[in-house]
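Sequence annotations record features per position, and here Swiss-Prot assigns (6S)-5,6,7,8-tetrahydrofolate binding site to LEU161, GLY165, HIS166, LEU167, GLU291. Among the features that Swiss-Prot reports, site 'Plays an important role in substrate specificity' is placed at HIS272, with the record citing sequence analysis. Taken from Swiss-Prot, the feature N6-(pyridoxal phosphate)lysine applies to LYS273.
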Amino acid sequence: MSRNAESTAYRSALEVISAVEPRVADAIRSELTDQRESLKLIASENYASPATLLAMGNWFSDKYAEGTIGRRFYAGCQNVDTIEALAAEHARELFGATHAYVQPHSGIDANLVAFWAVLADRVESPTLERARARHVNDLTEADWFALRRELGNQRMLGMSLDAGGHLTHGFRPNISGKMFDQRSYGTDPETGLIDYDQVAEAAREFRPLILVAGYSAYPRKVNFRIMREIADSVGATFMVDMAHFAGLVAGKVFTGDFDPVPHAHIVTSTTHKSLRGPRGGLVLCGPELAEQVDRGCPMVLGGPLPHVMAAKAVALAEARRPDFADYAERIVANAQALADGLLRRGAKLVTGGTDNHLALIDVTGYGLTGRQAEQALLDSGIVTNRNAVPQDPNGAWYTSGIRVGTPALTTRGLGTAELEATAELIHTVLSLTSPGANADGTPSKAKYVLDPAVADRVNKQASELLAGFPLYPAIDLG
């Protein structure tokens, strides 16, 4: 493909957009500039390929396609069937799964499909069988009332938020917390690692319908074989949310006991993050849950986004190429180089390092809250996000941690030497930032003091570091 093709495509697109609403075109240009000039260390972000991005910008956006392949509620969906089948095929082959459902719009949608598939299989289907009914519409009002009550009285066991779990795993602010009676397992207070004996004890005491594994801020591998054994011991369905580390599974960095697909009853994921695709979700499962999962529409979804499924097909095809395995290995090598560099400079990391794509810095050692550290780094051209640490004294808003991840910088081509240099920049900013005060003189958890000259100097150093690794080098918007 000609390098000029990508520039031509985006220049032409922006010209068309500018003719209608130039401010949108300006924002698109500004976003590219911002992404090119910032050290992006947000663990959940990446850079999708131009092919993936372009696959979303077409007339598939105009189609309704409620239903599944060959069974739509609308006519004229043959081309949607084609791209959905391609995306599902690539997902099955990439992850070694029996069944793939690629319609979810996001990770939470994928989780909701999985939750309701399990509820339908474990709760709804037995009720229908007892009532000798084929469909919920055939139930009497009394049976329907009883089923609704039973569906709302199920239990879920997942990782606690401050240990690195995710809001969508049954926590009260999220809809999943209103669906399930949820309990959490944590990590060892000394090591920060999952204590599988403690998980087993919690499962025995709580007897959940669903045991969830997966994380958004846990910097180590999870032994899914052990987790499946725990689930089996209490009759729970074992679900894994691999949204954060799907790229490491796809790239065969996580194998054996650390690959969730052979061990879980059902697996969910996003298609962005370390998988480097469009924003969206997917569900993987075996034949026993496939029929229920395919009822995601209308059970949870109003219908798929065909243009995003087209982009999923492209991104999943890219992930099946041999060079993706090298990319996945470099993500982890870069994360470990960043973590090691921070440790050598005296930073405190949760669990003392990383086995995956992220590290979690406890910034209380610098005398800061996560919010103060996040903003000071942003002022200096380093984009991160604040995150709670285990037993966090500052809560989920101000936090005591900063989460850093390497998928995006690895996509740009940065290596271990550059991540070592990034550790120095982070340490410099955090060491030279101090807490600020409120107007009444009381200590602030949000305000901070950083010499603008330091921020400018680090910004310049970050720009110099990125100069050799241009983002979307084939795209010149003029």
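Quick reminder: no glycine exception, Cβ is built from N, Cα and C everywhere.
Model, not experiment: these values are computed from the prediction.
The two recorded residues, GLU291 ((6S)-5,6,7,8-tetrahydrofolate binding site) and LYS273 (N6-(pyridoxal phosphate)lysine), have Cα atoms 28 Å apart. Looking only at the binding-site residues LEU161, LEU167, the densest Cβ neighbourhood within 10 Å occurs at LEU161. With a 10 A radius on its CB, HIS272 (site 'Plays an important role in substrate specificity') counts 26 other CB atoms from all the protein chains.
With a 10 A radius on its CB, HIS166 ((6S)-5,6,7,8-tetrahydrofolate binding site) counts 24 other CB atoms from all the protein chains. Spread of the (6S)-5,6,7,8-tetrahydrofolate binding residues is 32 Å (greatest Cα-Cα distance among LEU161, GLY165, HIS166, LEU167, GLU291). Packing around the residue listed as 'N6-(pyridoxal phosphate)lysine' is summarised by its Cβ count: 26 other Cβ atoms lie within 10 angstroms of its Cβ, all protein chains included. Ranking the binding-site residues GLY165, GLU291 by how many other Cβ atoms lie within 10 angstroms of each Cβ puts GLU291 at the bottom. DSSP assigns GLY165 ((6S)-5,6,7,8-tetrahydrofolate binding site) to coil, not to a helix or a strand. Cα distances from the residue listed as 'N6-(pyridoxal phosphate)lysine' to the binding-site residues LEU161, HIS166, LEU167 are smallest for HIS166.
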